[in-house]
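Chemist: Encoded as structure tokens, here's the structure I'll be asking about.
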Amino acid sequence: MSAHNRGTELDLSCISKIQVNQPAVLRRAQQLQALRSVKKEWQAAWLLKAVTFIDLTTLSGDDTSCNVQRLCYKAKYPIREDLLKALDVHDKGITTAAVCVYPARVCDAVKALKAAGCTIPVASVATGFPAGQTHLKTRLEEIRLAVEDGATEIDVVINRTLVLTGQWEALYHEIREFRKACGEAHLKTILATGELGCLTNVYKASMIAMMAGSDFIKTSTGKETVNATFPVAIVMLRAIRDFFWKTGNKVGFKPAGGIRSAKDSLTWLSLVKEELGDEWLTPELFRIGASTLLSDIERQIYHHVTGRYAAYHDLPMS
């Protein structure tokens with residue numbers, strides 16, 4: 001991963017002046033969804049690229065060491081080897097970008113990945129995920145414990161109340177505390193955009209999170225009523241671009257929640273390419289948070305190679 005974003009000074013005068021042109025954002029989102037998708041060999045190549053951006057995730061109340069172990073195995077071997085051989089990419093070391101689990105399951109993931117002999121990062125949601133409504137002291141301790149157990153990426157959730165009430169300085173200082181608690185682990189800040197009220201708040205929260213030292217900004221927990229949407233993504237990506245122009249710091253982007261189809265993943269890649277350029281299409285700067293997306297990508301790869309759709313038993317479960 002890239003070097004940490006160490007953050008910048010908070011400029012509240014700059015934040016207070018921000019207004020987002022919602023009709024223009026919605027028009028851009030409609031244009032995006034009208035794009036023609038890539039076909040055949042190009043589509044297969046882009047789908048394999050999408051695999052390398054996935055934070056393969058399990059965040060269920062019934063998670064056990066066994067299903068985390070299966071998830072880690074799937075992260076190392078995301079596409080059936082015979083399919084990769086047919087595409088002549090079996091020696092490219094294609095894996096998912098990371099495995100993402102609850103803090104209590106970090107040890108299981110670290111152990112499983114070590115046993116599999118791979119160095120895929122373990123990411124963990126923390127800070128009272130998904131609501132972020134626990135005491136700050138508790139949230140900071142949760143980060144520290146996850147890092148102690150071996151997580152090298154921490155997906156934190158912000159306190160949405162601070163956004164909805166315009167407490168931007170308090171939000172900045174809270175995320176600075178998260179940054180400090182992460183130590184050498186990368187900080188991915190979840191904005192929970194479906195609960196922020198408006199696109200202007202999404203832009204402001206994005207800028208505050210980057211100023212405070214976030215290495216990534218992420219759309220959603222996946223637990224909100226509304227998760228990753230294209231209008232929200234456009235606003236966040238343009239905030240990332242503005243922040244880069246002002247500071248020279250590249251911050252990553254992670255859409256999450258509701259991204260289930262291979263076709264959707266290609267649209268997300270196209271959006272990042274068009275808004276930020278090819279240099280952002282690396283696992284260091286772009287991730288997709290997903291639990292079921294990989295299954296559909298593998299089905300599409302299977303169809304491309306064999307000419308038929310996979311039966312239920314043809315593809316291994318994660």
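Just so it is clear, glycine is given a Cβ too, placed from its N, Cα and C backbone atoms.
In TrEMBL, annotation is done automatically, which means it is predicted and not curated.
This is the feature table in TrEMBL:
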type     : residues : note
ACT_SITE : Lys218   : active site, schiff-base intermediate with acetaldehyde
ACT_SITE : Lys254   : active site, proton donor/acceptor
Chemist: Could you measure between the residue listed as 'active site, schiff-base intermediate with acetaldehyde' and Lys254 (active site, proton donor/acceptor) for me? Cα positions, answer in whole angstrom.
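Modeler: Given the Cα positions, the residue listed as 'active site, schiff-base intermediate with acetaldehyde' is 4 Å from Lys254 (active site, proton donor/acceptor).
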Chemist: Residues with Cβ closer than 8 Å to the Cβ of the residue listed as 'active site, proton donor/acceptor', same chain and 6+ apart in sequence?
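Modeler: Listed in sequence order, they are Asp55, Lys188, Phe216, Ile217, Lys218, Thr219, Phe286, Arg287, Ile288, Gly289.
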Chemist: Across all chains shown, how many C-beta atoms besides its own are within 10 angstroms of the C-beta of Lys218 (active site, schiff-base intermediate with acetaldehyde)?
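Modeler: Summing over all protein chains shown, Lys218 (active site, schiff-base intermediate with acetaldehyde) has 28 other Cβ atoms within 10 Å.
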